[in-house]
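Worksheet: the structure to be examined is printed underneath.
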């Protein structure tokens, strides 16, 4: 009966997404009401289905982290494999970051048009194709296209934007923060488990062999998992994504882009992108520069990245818990200031303890800024606009990645150290905290349920 009702709602457009309120009961059921309080249809999400969503999300983000971590760990071997300098190879990382920024609005549009799960599936298929193609080429120009552009779409389509929209649709407002924190921990687990393994493999496994393995994992594991999840969810989901798509015009998107709120969010999120770009591309070469003995370099790199992942996992859970009790704006300011302070720990040091402390402090802030920015985007702009506006926020994020990664490569080739880059990152984190302080605390704490109640 429930499925029949859902099909009728989908076929005849009984309700619009403007009038949706999701009310979870104790058994995991979500009742869909219009603003007049009439029950239009009931969507059943059992506890088992909700758990499947979370577990599948963790697995997807865990395996998606190999797209960046493989490049990160194999950065120095890649310079030899492709016969390029660090500065030249940094261009590929910068192009990757820029492409993610360009792809983010596209992915937001695809999510609004076709749904989050189909978007994630397209990313998994793209990732498998990219890594299988990378096994047969050592041409730098081809590498730029495959890794710098195509893999950027794959990562964007499997991570924050579609997962954020998926969580917004499937979980009640009070559980969104914790659900996002749990699913995003797949990236942290990738740091904990994959980074030491990749550091170890880099000693005897070639780049081509690694790409073959990664491509096979995406094709054989990730794609079937998403198909299974899609089949489970289509039995319960009655919300047609194309209805949301039709109701949002480019004028609405542009109007919200020029608001002070969006600009402040974009500037603060750019600070997040700058520091994450440093982690993805320049942290491992920095460690290798400071610890010239290969065995010590392996030990420090593996321990730093693993501890970073553990702290990221803990930080995401802590942020999800604190969001229920603290102002998102205040929490965001604190995270950016902590991140800037952590970078000063590795300004110019050969202390292993300094790198471990850096990993702990930076890791605690790693996912928190993404989680808070995603939820604030929803609270400020609503569910209909979130897909495209959060995609545009990620464009600002990735433009900052592009500038930081490129600047880092150029600064290293010029001065043969990373000290100036670290100082630049500290200033950007302080600027991000200042931009976040300009945001309205009252509006950031308003929930979707509050807005529906006002209606």
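Heads up, the Cβ atoms here are built off N, Cα and C, so glycines get one too.
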117-136, 237-256 - the range that TrEMBL marks as transmembrane segment: 117-136
Of 18-40, 179-201, the range TrEMBL labels transmembrane segment: 179-201
Cβ contacts under 8 Å made by the transmembrane segment (328-347) with residues that lie 6+ beyond its boundaries: 268, 271-272, 275, 278, 286, 319, 322, 354-355, 357-358, 361-362, 364-365, 368-369, 372-373, 375-376, 379, 419, 422-423, 425-426, 429-430, 432-433, 436-437, 439-441, 444-445
Among 52-71, 117-136, 179-201, 207-229, 390-412, stretch most in contact with the transmembrane segment (304-321) (C-beta, under 8 angstroms): 179-201
Contact yes or no, the transmembrane segment (418-439) and the transmembrane segment (261-284), 3+ Cβ pairs under 8 Å, gap 6+: yes
Highest-contact recorded stretch vs the transmembrane segment (91-110), from 52-71, 117-136, 179-201, 207-229, 390-412, CB pairs under 8 Å: 390-412
Across the domain 'Major facilitator superfamily (MFS) profile' (50-443), average pLDDT on the 0 to 100 scale: 86
Segment-segment contact (the transmembrane segment (261-284); the transmembrane segment (207-229)) at 3 or more Cβ pairs under 8 Å: no
Any contact, the transmembrane segment (117-136) to the transmembrane segment (207-229), with at least 3 Cβ pairs under 8 A: yes
